[in-house]
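Sequence annotations record features per position, and here TrEMBL assigns transmembrane segment to 20-37, 49-69, 75-93, 114-132, 152-170, 193-212, 275-295, 307-330.
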Amino acid sequence: MSHPVPLQSFLGGLTIPLPVHALTLLNGNVFGISGFLHRAVKGNVEGAAGVAGLVLGGMLVAAIDGGVAPTSLPLPIIHVAISGFLVGLGTKLSNGCTSGHMICGLSRFSQRSLVATASFFTTGVITASLVHRDLPAVASVDWSLGANGAKYLAFQLFPFAASLALYALVRSSAPAPATPNAAGSKYYQPAKVLRTLGFVTTAVQFALALQLSNLTDPLRVVSFLLLPWHRAFDPSLAALAAGALPLAIGLWRYARGGEVPVCGGKWNIPKGGCIDWKLVTGAALFGVGWGLAGVCPGPGLVNIGRAVVAGGNITPFATYLIALVAGGLLV
């Protein structure tokens with residue numbers, strides 16, 4: 001039986017846009033976790049840094065929790081593998097997951113991300129309704145921060161301060177000469193070490209925000225996807241969206257600067273793009289995988305870090321991530 005935790009989820013949602021926007025300013029990149037993972041598998045250093053930061057953040061969560069293992073849904077391991085495979089295949093086809101499309105994309109009012117989010121949310125709801133319809137009724141609302149909510153908030157200050165220090169360090173030093181690209185805009189020569197650090201610091205903070213938001217709890221995810229007419233509906237993740245999206249929209253609209261990443265490299269935030277069968281079908285497949293096991297790429301990486309430190313429940317999350325990678329390698 002799940003107790004809705006709207007305050008925890010709202011505050012977690014409120015802190016999610018901070019590392020997302022920090023990565024935009026530092027490196028000019030979308031905080032797309034499925035993209036981190038798919039690129040890391042093919043040897044991309046920055047993608048690997050993002051993955052490592054999320055896993056490290058999960059390990060920090062476990063240390064804060066006193067070594068409590070993450071929970072998973074009581075599914076056969078083959079169902080977990082199918083979920084991971086569909087998430088990997090779907091996110092590769094649609095070029096994004098909940099972080100890249102729902103948080104980053106919707107904050108830019110991207111039509112592609114709006115279509116993708118509608119697609120994966122619809123299939124996620126359908127899948128959860130078919131697979132998890134026997135969940136028990138939700139319990140009373142818990143308005144507290146929980147045993148460790150205040151710690152998740154406080155510990156975010158450390159990676160956030162590191163990102164701010166990185167920003168200040170680069171801004172105060174003499175940059176490399178600005179170089180026009182083919183589109184006529186300017187960018188600094190990439191500082192590879194600093195860019196890599198930017199991925200790590202923002203990912204660690206994002207992991208802590210995810211944990212506070214409760215998106216790392218698969219039961220809470222599928223309970224949300226059951227929608228209000230089901231007895232097990234948990235509205236906590238609606239509070240997450242209410243915290244995250246207005247701030248993410250405001251930061252993108254008013255605080256993205258001159259679209260020149262301070263750590264160098266080109267501005268890689270998509271502008272437009274076609275809405276095609278790959279986007280819609282890929283997002284739909286991702287939604288099926290998400291609704292089946294209640295895990296998307298970010299929480300999967302955070303939870304494997306938690307599981308390693310806690311020494312428990314490693315198998316389902318490792319299986320999920322291996323299958324996710326396999327699905328992504330198909331396309």
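For all residues, glycine too, the Cβ spot is worked out from N, Cα and C.
TrEMBL: automatically predicted annotations, no manual curation.
Of the two recorded stretches, the transmembrane segment (75-93) lies close to the transmembrane segment (20-37), with three or more CB pairs under 8 Å once pairs fewer than 6 apart in sequence are set aside. By the Cβ criterion (under 8 Å, sequence separation of 6 or more), the transmembrane segment (152-170) is not in contact with the transmembrane segment (275-295), since fewer than 3 such pairs are found.
Just going by CB pairs under 8 A, the stretch in 20-37, 114-132, 193-212 that sits most against the transmembrane segment (49-69) is 193-212. Sequence-distant residue pairs (6 or more apart) of the transmembrane segment (193-212) and the transmembrane segment (20-37) include at least 3 whose Cβ atoms are under 8 Å, placing the two stretches in contact.
Each of 20-37, 114-132, 307-330 was scored by its Cβ pairs under 8 Å to the transmembrane segment (275-295), and the highest score goes to 114-132. Counting residues 6+ beyond its ends, the transmembrane segment (307-330) has Cβ neighbours under 8 Å at 34, 37-38, 41, 55, 58-59, 62-63, 65, 67-72, 75, 77, 80-92, 293, 295, 297, 300-301 in the same chain.
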